[in-house]
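Inspection log for the structure reproduced underneath, given as structure tokens.
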Amino acid sequence: MTYVIGSECVDVMDKSCVQECPVDCIYEGARMLYINPDECVDCGACKPACRVEAIYWEGDLPDDQHQHLGDNAAFFHQVLPGRVAPLGSPGGAAAVGPIGVDTPLVAAIPVECP
């Protein structure tokens, strides 16, 4: 089991969770952050740090957020648009930096005007 970042993060990316993660497993896409399920140690430090309440324990995902369980994993295991290989488990987000692209699910979410 792992923690999952849901749709509340899209176009917000508060990033307070990134600072709390002891294993640096929260990666930055273009519009959303993603938790690498293979690197997450399930400590839960990220959840209370998230100011927009976008982080869920896998077993507590609301029905309207279930698609993000697979989508968080897809960010690391599938070839993202514009890339030639899956990101995989690089061993920490800081060394990789912002990825600059999102999964097709997140990219398809309409941008809300302020």
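Including glycine, each Cβ sits where the backbone N, Cα and C put it.
From a predicted model like this one, the values you see are computed outputs, not experimental measurements.
As written in Swiss-Prot, here are the features:
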{"type": "BINDING", "residues": "C9, C17, C50", "note": "[3Fe-4S] cluster binding site"}
{"type": "BINDING", "residues": "C21, C40, C43, C46", "note": "[4Fe-4S] cluster binding site"}
{"type": "DOMAIN", "residues": "31-60", "note": "domain '4Fe-4S ferredoxin-type'"}
Practice task
Compare the Cα of C40 ([4Fe-4S] cluster binding site) against each of the binding-site residues C9, C17, C50 and report the nearest.
Solution key: C17
Exercise for the section: Based on Cα distances to C9 ([3Fe-4S] cluster binding site), point out the closest of the binding-site residues C21, C43, C46. Expected result: C46
Exercise for the section: List the same-chain residues at least 6 positions away in sequence whose Cβ sits under 8 Å from the Cβ of C50 ([3Fe-4S] cluster binding site), in sequence order, or say none. Expected result: C9, D14, S16, C17
Exercise for the section: Would you mind splitting the domain '4Fe-4S ferredoxin-type' (31-60) into helix, strand and coil residue counts from DSSP? Expected result: 7 helix, 6 strand, 17 coil
Exercise for the section: Please determine which of the binding-site residues listed here (C17, C40, C43) has the lowest count of neighbouring CB atoms within 10 Å. Expected result: C43
Handout entry: Fewest other C-beta atoms within 10 angstroms, as judged across C9, C21, C46, which are the binding-site residues
Key = C21
